[in-house]
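The signal peptide annotation in Swiss-Prot covers 1-30 and is backed by sequence analysis. Per Swiss-Prot, FAD binding site is recorded for Ala54, Glu74, Asn82, Gly87, Gly88, Glu473, Ile489, and the stated evidence type is similarity to another entry. Under the heading active site, proton donor, Swiss-Prot lists Arg333.
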Amino acid sequence: MSNKDLLGRRNFIKGMGAAAGVAMAAPALAVSENANGVKWDKEVEVLIIGSGFAGLAAAIEATRKGAKDVHIFEKMSYFGGNSAINGGLFAAPDTPMQKQEGVKDSVDTMVADQLAAGRGIADEALLRHVAEHAVEALQMTLDAGSEYHPYLQQLGGHSVARTYQTTVSCGAGITQPLLQECRKLGVHTHNRAKFDGFILDEKGGVVGVKMREGYYFDKPESGKLVRIKARRGVIMATGGFAQNINMRMAQDPTLTAEVGCTNAPGATGEGMFEMFRLGAVPVHLAHIQSGPWASPDEGGFGYVSNYSIYNFPHSIAIDRLTGKRFMNEIADRKTRADAELNCRDAQGNPLPPILITSYEDSKQHPNTKKVLKYNVGWKFDSIDALAKHFDVPLAPLKKQIAEYNDYVKTQSDPQFGKNMTEAKGKFIQAPFTVVRLWPKVHYCQGGVQINTNAEVKDSLTGKPISGLYAAGEVCGGIHGVSRLGSCSIPECMVMGMTAARIMMQA
C-alpha cells in the first residue's frame, strides 16, 4: 500500500509565510447576548471559528457529510493560524509506513505512551478516540495533497517510530492543501473576521455569533460588528493562549514575557475565555508545555526545533558545566524541558546545554543546512575544537562520548535508559554538528472540557452546551500533564472531523 493511500482508496502546495483567568486576559473580551429580538445580518449552515488543523478538517468533513453552506472565520490576515508554523509532525498507529519499516504498533500502544506522559490525569477516552481515527485524518491530508518524508521518526516519549513529517518540515504542508481543498469543496473562508461573542436562545444554547468584519490584529476595537445565525451550530477551533502573557503568568508566574514562545501572535485565547463565560468547564489550565528542542539563538520555533526533533534519537545532550549527559534525549517533553532548565553555571545562571550529532547523520535532515547557514548551529572537525568553543571540560566529554558509543554498539543505555533502536549504527564521531538548547513555551494543555463527540460540557449540569462544539488546543484535559510531540495534529483533525459529523447528525 502506498504512502498516498492509507485506507485503501485513492502536490504539495507551497507553504506560506478559568473564569478568574478571563479577567486577566490581555485581548478585548467578547460578550454574549440573547437571540430575542436580534436582527441577523446573515445566516449560515455550519459556522467554524479558526482556520488551523481543527477548523479546516471540520469544514471538509462537514461538506463530505452533506453541508452546503460552510463558513470558516479567521481573525488574522492569513489562514492557518498557529497550525501553519508548527513542525508538521503527525503521529498515527499501525500505518503502512510502519509495516514497511517493520515497526509494530497499535492504538493501545500509542494510547499507553500518551497516558504515561500525562502522568495519571490524561483523558483516556479522548486519547483512544483520536488514536482510532488518526489514520483517517492522515488520509485526509494525503488526499488534499500533503507530502511527507519517506521515513518515520521516533519522537520523545513514543515507544516506537510512528511520526510522519511534511517535506517542508512545517504545518503549512498540511494547512495549505487543506485550505485549497476547502475552497474546491465550496467552503467560504473569511479572514480579518474576529469572534466577538455568542448569541444564545432562551435555554442558553448557542444559535449564532457576533463577529467583527474588517478586523486588524494590532487594532483591538477595529471592524464592523455583524450577527450571524448558525443553523446547525458553532465549532470553536480557536487554539491556545501561549501568546497571552497575562493568562499564562496567572497559571505559572515564571512564564514571563522574557520566556520565548514558538506560537503565532494570534494564540491569545479569546474563544476559550468566552466559552468559560458561557459555563464551559475549565480543565488543566496550569499545564503549559515548553518545547525542549528549541534554541535560545533564534526567535520562535525557528530551524533548530525540527533539526533537534529529528536528531535527538542519535545524539547526546551535554551539560556544558560537567561535559556529561544529563537526560534521556528521547524522554517526554516535560522531562527534557525540566532537565534543561536545571543546566546552570557555577553562579546559578542559565547555561544552555548543547546537542552533539555526527554530521553524517544530521545532514539527512534538510534543516541542517539552514541551522549552519543562519549561524544557529555549528560544525566542528574535532571534539577538541567543539569543547573549546563551548567551554566544556574536555576529558569528561571525551569519556562520555566513548561511553555513549558503547551504548550504540550494545543497544542499551544504562545511564538514562534511552531506547537505542533509532541510534543503531549511528555513532557520535567527527565531524560534528552542534546546537544549543533552551525550552520555549509551546503548547497549552488546558482549555474547555469536551466529550468524545467534541461537545463542550456545561460546568453546572455536566451536559453538552447545545449548539457548541470545540476541537484542537482550545480544548483541555486530553493530554494531561504533558503532550507527546506529533500528537497535536491528529487530535486537532480528528476532533474537528468528529465535531462536524456529530453536528451533521443532530
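Note: Cβ is positioned from N, Cα and C throughout, glycine not excepted.
Taking only the Cα positions, the spacing between Ile489 (FAD binding site) and Arg333 (active site, proton donor) is 16 angstrom. Note on the binding-site residues Glu74, Glu473: the fewest other CB atoms within 10 A surround the CB of Glu74. Rounded to a whole number, the C-alpha distance linking Glu74 (FAD binding site) with Arg333 (active site, proton donor) is 30 angstrom. Cβ neighbour count for Arg333 (active site, proton donor): 23 (other Cβ atoms within 10 Å of its Cβ, all protein chains included). Rounded to a whole number, the distance between the Cα atoms of the residue listed as 'active site, proton donor' and Gly87 (FAD binding site) is 14 Å.
In this structure, the CA atom of the residue listed as 'active site, proton donor' is 17 Å away from the CA atom of Gly88 (FAD binding site). Secondary structure at Gly87 (FAD binding site), taken from DSSP and collapsed to helix, strand or coil, is coil.
Cβ neighbours of Gly88 (FAD binding site) (same chain, under 8 Å, six or more residues apart in sequence): Gln165, Thr166, Val168, Ser169, Cys170, Gly171, Ala172, Gly173, Ile174, Asn306, Ile489. Using a 10 Å radius centred on the Cβ of Asn82 (FAD binding site) and all shown protein chains, the other Cβ atoms total 28.
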